[in-house]
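Per TrEMBL, the features are as follows:
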type: ACT_SITE; residues: TYR120; note: active site, proton donor/acceptor
type: ACT_SITE; residues: LYS150; note: active site, schiff-base intermediate with substrate
type: BINDING; residues: THR29, VAL193; note: pyruvate binding site
Amino acid sequence: KINLPVIRQYVDYLVNEQNVKNVFVNGTTGEGLSLSIQERKQLAEEWMSQGKDKLDHVIIHVGALNLPECQELARHAAGIGAGGIAVIAPFFFKPTNKDELVAFLQKVASEAPEVPFYYYHIPPLTGVKIRVEELLDGIKAQIPTFQGVKFSDTDLLDLAQCINKNETGEFEFLYGVDEQLLGALAVGANGAVGSTYNYLGRQTNLMLQAFAKPDFALAQQYQFLTGEFLNFVIKLGFGVAQTKAVMTFVSGIPMGPPRLPLVGASSEFIVKAKAKLDSIVWPDGN
């Protein structure tokens, strides 16, 4: 069951401990697709309420398998003042080409005509492999609120082509594969959304600062150490349930178990992951 009272503590932790002031709600790590419409609305409301005057941006994922639910969630997000909405491609009956996908996204975006709209591109989970570069052509004419893409794929060629097309800088490309963020920054990504930023947000912000200086050697150190941890836990079996376990032992906030069909992290995983994370010495000495 969802645990609304913990969100206040969660917001304060992200802002004060991790220097993270933007959140993406009801996405993959938040198990948005495993929640009921009512639960998703309650969570969105609580994040908006607790984040008021603390968070800069709250983007709410409103994607679902059917259009009416997406539209209902989009209207709700607009009504509570969300800073943006995002939508994944439906993944049971899938769009097979750009036109079908854009038509679906347009029907959702039009329900929140004042809210910035992001396409959430995550082909490893949706199986929808329509290239984003192709999707961008003419999209603003059909979706005036189109703001950018949450790009959760390892195809940096596609990402680079998108950024090359974005000459005016009107779109944002938020990268979603945490262990490759530095590579995405190098080709022009201008933001990131990822699960590790819940507990490695501070270190990632330091990497972003190093990249901006530019101090590439320091930025590499941060990326390599994040990768060292992720490489270790991926070999143990790393997913949403294990992410919740890591966040729980790092933050001290109970993130709870996942909802079936996902099952909770084993105690063996928790012991090994904690020991590995504790063993890492970051460039700033922490």
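Note that Cβ sites are derived from N, Cα and C of the backbone, with glycine treated the same way.
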From THR29, TYR120, VAL193: recorded positions whose CA lies within 10 A of LYS150 (active site, schiff-base intermediate with substrate):
TYR120, VAL193
Are there any residues in the same chain, six or more apart in sequence, whose C-beta is under 8 angstroms from the C-beta of TYR120 (active site, proton donor/acceptor), and if so which?
GLY27, HIS61, GLY63, ALA86, VAL87, ILE88, VAL149, LYS150, SER152
Same-chain residues six or more away whose CB lies under 8 A from the CB of THR29 (pyruvate binding site)?
SER195, ASN198, VAL240, THR243
Taking the Cβ of VAL193 (pyruvate binding site) as reference, which residues of that chain separated by at least 6 in sequence fall under 8 Å from it?
PHE24, GLY27, ILE59, LYS150, SER152, LEU174, TYR175, GLY176
Near the Cβ of LYS150 (active site, schiff-base intermediate with substrate), how many other Cβ atoms are there if near means within 10 Å?
27
